[in-house]
Structures are given as structure tokens and as C-alpha cells.
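Below is one structure; the comments refer to it alone.
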């Protein structure tokens, strides 16, 4: 097939936003083609048309980023990427010059991952802006970007970003292998990539971290992890990830270490509470009420007197009501969401107790559980916890304390079992590394205690103390 | 595939196998013979175990990267060796079934009197299999994690000092006489079973023999001290008459405590104790798999089959009224398997080492 404007028109299904224009400079003639919906007119006018009319092809060749090709699919792809194609009549090759029109949302704080102190910058939908945001924070020659094109229909651009000197080459290789193996017709969101590369699809725990925060993504880059950025998505995927990373927040590092450690500790408690609190309550009232001393037992039993349902039904019903409330209010504009919060929380909450459908203590227990599950810094992790709460409740209703112990064993065995890209998920607890677990998992020790030795190549170990104290 | 474990992990594998159901009833068992000196009996049996461990270690370090079942084939030839392994397998299944039965009986007495035994046994075995089919590394990871609970249990036991403490119960030290103390040691020995996992797991440890020995000694010390501590608090908490009447003195000791927020510390203690009890069963499942198979796939199948066997055995045993005669018979049989046979192999190794070396290289 000869390379001419008709062939290109045919390749692009005679779409009407493909603009063709003939230009002449002395005896040099050419045709320029571009998709008007994807290109910026001024750029074409000032970078291509004007120079050509003044100096001819020499000017086109000199435009920065100009590429040459005679391959039709490649040219078609370039047009779809927002390039302007210059087809000289006399030569066999076409020039491709970038003139893409970028519509991008402004950089704002992601609403799902707000923090009190620290950077309020979040990723946007444009891939190039997102990579700019990463590069802006890590000005290192070691930062490496690898592009993939995925989806036979959508041709979505996907970037894999990592630090060449910090990332484990085996993990990088494995990750690349998995990305290359993806064979989808269309790729719209980061979640799809996540599902295609994760190892344990049956696990309730997320095995990759989705974040919209640039500081968070960068901090994982510097730990040697891989960021995967998908064009059109403000969410960056971080792999491989460990369980405890879901309990760290950039806030911890922006506040003083005692405060940070305290909040870490609170979040750890929230993990146990979110899974087991309703189950413990159910086990106590239906099997082992002798665990409570008479004073507390009396008030619990009084509130249960008129309730016609077994505690497991109460608990599951309340949990479902809570999920309903959350689902209903999450997508509504905030004034309506507030109304739902009031109607749901206050009206249903008190009315349900006064109608003797649910006991007071159950409301307290479910409320506490919900708050505990929301305490996880990443929302999706809290959801996994609430989902895990259901089988635990069921186990407690069937076998009491024994059921809870068994269920907890299953959860922790599972956590010990799973690995992501060869990295144990529950590290540094299983496998246990005492020092590491104290430094940055349970506590958040001061930076000069935990500063990771980023320069692995350095033969001597640097001491990271507060150096100014020595002088 | 890399499936070696660190020496740290070996430590936890050993202690979590050893610490299990035996401890709860141990104080009343040994005080029958050793009286107020029961805690010395525990230390005594710790010493005996240490000697055995020394022999095990010496044997294993002579045949690096070989576990017991591979060694038996090497020592006794293909057919007798396999037969010995089958006997080992039978014993591991029996021990697991027996531990499972005791475990379920305890749960029935203290937590769930009405739930049928087979349901509980099924639950325990299914979880056991879920963990045991994995690599030793994963099992070790879980054991490490679960070991944190030992500290929680220890902290709980400190609360018993709120009760009246009668130090005079253990005084004068040595009142029972040496022979009685030894008798008590014999009984303790069976409660502390589990160290035989060493014979199988040493092969996968990535450390020098010296470090391994250090780890094993530490593990043994830890278990011995843990046991004698619990025996000791029971001795000073109960009079001898009371101790001979209760079956699980450790739990009864906690039962008397009451706090503002919760009563019945014993139930909470037992709920946590479920995890060490289950890990013991996991270890035996793992051993059962390792005695007869070498590849990962057959190992997993073997663990599942053993699980079913243990399930049937435990269901059968839990229907019987008394297991005393059975347990006596089994304990002595097991003693031969874990003491006599390895010691025999150890002595043989002095004669055969040079021959084996030639054959192996």
C-alpha cells in the first residue's frame, strides 16, 4: 500500500475529525494530517505550517521530537496519540510531530486520602503529569520509567516506574513479565491491572496498594517498590506490598515521633477490634456470659431482655444497615449525604433500640467496630476488615470463644501464607524480624534512628545520628 | 526452591510443638509422685531432654541435610528403613490423634459442653491441614507469630499472684526424695514431647552446627523454665489435696480471679491456649507428611491423608470413656521410637560414618 493521505484516511476509518491540508513551499509540496480533536491548532500553526512555508522540509526536520517512519500502523498510532503527520509528496517517509492537546485536571488533594499535615498534592488523570509529579520529587538518574501499551482496542499507556538501584531486579523482572502477559481488549482502570497481576485472588486482603498521594507513591519508590501508573487514572498501584504498609500514613512522618507511634498503636488496636469485637460480644452473650462480672452482665442482660432475635441476627442486621448507610451516602452530594447520616444514624439508631429490635449494647459494639474499621488509613483495607468480620461473627455464634480463636488462626495463617512477588505479606512479623518490626511498624522511631541506607553501594555503614550534636 | 529455615525459626518450631496440651494438667500429674518438689522434676526432665537433644544434634550434624526418614533408609537399608519409617508415621498419627482427643475433651469440659466432638475435631484438623500443607518456612512464620501469645499467657499468669500464695507448700525443698522426683520427671517427659521434631527440621536449617546447638539449648531451656514456672505457681497456689482433686490446675488457678471488667480469666486463657494446642497438631501432621514423602506434591497429599486418618482416630478415641491404658501403652512405644531408635542410630553412626561417607560422595 502506498503511503498517502488516502491510505491513512482508510486506516482511520474515514473519520471526519481527521483534517488534511496541502502546503507548498517553492517546489516542495506536502500534505499534513492531524486529528483536530486531539491536537492543539496553535502548535500546528506555529511549529509546522509557518516554518514549512518559510523554510521547507529543513524546518520540519528541525522541529524537536520529530520522528520519521513509513510504517502505516505506526503513523496511525501517532495520529491517535495527538501527533501531526507531515507527508512529503516527494519522499517515502512521513514526519510525525507532537502537537497533542492536553486537558488535565488541576493538581489537588485526593479526597479519599486526606491528611492533616504534609503535602496536599495528588495524582491526576494524565499519565505524563503523573510521571512529572514522581520525577519532580525524585530527581535521580536512577528513576526508571518503562512504558507498556495495553488493551487491543483502547491502547492504554501504562508506565512502570521504579528505582533502578533500589528495586530488586527479580521483582522487576517478574512484574514486567506479568504486565506483558496481560491480554485485554480494553483497559480502563488501575483495578483491572491489579486483578490481572495479583497472586491470590481469593484472599480478602488487598495485595497491592492504590494511592492518589504523590508523597506516598514516592516513599514506596524509595523503598524499592514498583509504581504502576495507568493513563487516565489518578490512582497509582504500588507492588509488592506488605500488610503493615496499610497501617502507615504520611501523617506519621509529619508529626513528632511520639505522636506518630501513638497513632500507629491505635491503628493496630483498630485492626483487632474491627475483626473481632462483634464476635466477642456474640460469644459472650450467647456462650460465656460468666466472663462478665455481675455488674456489667446485669446491664447487658437487661438491654437484651425484650430483643426477640439471637445476637448473631442483631449483629449481622446492624452491620448490613451500616453498610447500606455508607453506600447510600457515599455517592450523594454532601448536603443530602448529611441528611442521610442524620436520618440513618440518629433516627434509625435510636428508633431501632426503642422498638426493642436491637439492644443498646449491640449498637455500641457495632458503632465501635465501624469506627475501628474506618481507622485504617486506606479505605479499601477497612472494607476487607468489615467483610472478615462476618465469618468471625458466624464462628462466634456457632462455637463461642473457640470459634473466634479458630477464625483468628485462619486469618493469621492466611496472612503468613500469602506472598506478593515473592515478598512475605506479613513481614516483618512472619517471618519475624524483631528490630525492624519495632523501628517502623509498631513504633515510628525518629528519622535519625530509622534512616534507611539508600546508598547500598556504599561499603561502609553510615551512622545516622543527630550529627550536629557532635560538634 | 529455597525452603530452608533460619535458626530463629527452628527455635519457635521446637517450642511451639512442645508447649501444648500437656501443661494444663501437668502440675496435678507430677505432684502425685513428687509432691512439693514437682517443679524440680520438670527441671530434671529438661536435663534428660537436653541430653537427648545433644545426641540428636550430633547425629544430624554428621548427616547434614538428611532428615530422620532419610537416615533410617541409610542405616537400615531400603526395606527395613522404610518399615521403620512406616512405624514412625503410625506413631505420629497416633500422637496427633491422641493430642486431638485430649484437646477436644478439654474444650468440651471448659467451653462447649454440648457441641459434638466430631465437629470440633473436624475444625481443628481442617485448620491443621490448612497450615501443614505449606512449606516449613510458612509454618515457622506462623509459629513465630503465635509465640507472642506465650508472653500474653505468661502475663496473665502473673495475675495469679493476687491470690493467696503459700510458699510453704514447696518447702522444704527436696522433701519428696530423689527417687520420687525422678518418677515425677518421667511423667513430665511425656508432657514435654515434641522435641523430636528436631530430627526432621534440622536438615532444613541454614546455620552452622554450633549455632543450631545453641538454638536448641535455648529452646529447651525456654520450654523447661516455662513449664516449671507454671508448675511452681500451681504448687504455691493450691494445697496438695486440692491439687490432686483438680484436673487442670492451671485453669483453676485463674478461675478464682475477678476483675472489674471481666471475670473468669481461665476462659480467656484457654481461648488463647487453643492456638499452642493446635500448633502441636500441625507439627505432627507435618512430621507425618515428611516421614513418608520427599517431594512437595506428594507431601501435600500425604498431609491430607494423614489428616483424615487423625480425624477418624480422634473421633474413635473421643467416644471411649478412658484412654489411660491406651496412653500408657502408646507412651512407652513412642519412647522407644524417639529415644531408643535415634540413640541406636547414633551409636551406629560411630561405626558406619566412614562407610556412609564413601557411599554418599
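Going from the start of the chain as shown, residues are counted 1 onward.
Every residue, even glycine, has its Cβ placed from backbone N, Cα and C.
If one looks beyond the transmembrane segment (B:9-26) by at least 6 residues along the same chain, the residues whose Cβ comes under 8 Å of a Cβ in the stretch are 42, 99, 102-103, 106, 136-137, 139-141, 143-144, 146-147, 150, 187-188, 190-195, 197-198, 201-202, 205, 212, 215-216, 218-220, 222-223, 226-227, 230-231, 247-251, 273, 276-277, 279-280, 283-284. Here TrEMBL flags B:9-26 (among others) as transmembrane segment.
Taken from TrEMBL, the feature transmembrane segment covers B:38-59 (among others).
The feature transmembrane segment is assigned by TrEMBL to B:79-104 (among others).
Residues or ranges marked as transmembrane segment by TrEMBL: B:110-133 (among others).
Outside the transmembrane segment (B:145-162) by six or more residues, the chain places 12, 15-16, 19, 226, 229-230, 233, 237, 250, 253-254, 257, 265, 268-269, 272-273, 275-276, 279 with a CB less than 8 A from a CB of the stretch. Sequence annotations record features per position, and here TrEMBL assigns transmembrane segment to B:145-162 (among others).
What TrEMBL records for B:188-205 (among others) is transmembrane segment. Sequence-distant contacts of the transmembrane segment (B:188-205) (same chain, six or more residues past either end, CB-CB distance under 8 Å): 3-7, 9-10, 13-14, 17-20, 22-23, 25-26, 29-30, 41-42, 44-46, 48-49, 52-53, 56-57, 59-61, 64-70, 95, 136, 212, 216, 219-220, 223-224, 227, 280, 283, 286-287, 290-291, 331, 334, 338, 342.
The transmembrane segment annotation in TrEMBL covers B:217-238 (among others).
Residues annotated as transmembrane segment in TrEMBL: B:267-287 (among others).
Look at TrEMBL and you will find B:299-317 (among others) tagged as transmembrane segment. For the transmembrane segment (B:299-317), the residues of the chain that approach it from at least six positions outside its boundaries are 89, 92-94, 96-98, 100-101, 104, 117-118, 121-122, 125-126, 128-129, 132-133, 281, 284-286, 288-290, 292-293, 323, 326, judged by C-beta separation under 8 angstroms.
Taken from TrEMBL, the feature transmembrane segment covers B:332-355 (among others).
Counted over residue pairs 6 or more apart, the CB atoms of the transmembrane segment (B:38-59) and the transmembrane segment (B:217-238) come under 8 Å in at least three pairs, which marks the two as touching.
The transmembrane segment (B:79-104) makes contact with the transmembrane segment (B:332-355): 3 or more of their CB pairs lie within 8 A, with pairs spaced 6 or more apart in sequence.
Per-stretch counts of Cβ pairs under 8 Å to the transmembrane segment (B:267-287) identify B:110-133 as the leading one among B:110-133, B:217-238, B:332-355. Panel annotation: around the transmembrane segment (B:110-133), residues 100-101, 103-104, 139, 142, 248, 251, 266-267, 270-271, 278, 281-282, 285-286, 289, 299-300, 303-304, 307, 310-311, 314-315, 318-319 of the same chain, lying at least six beyond its termini, place a Cβ under 8 Å from a Cβ of the stretch.
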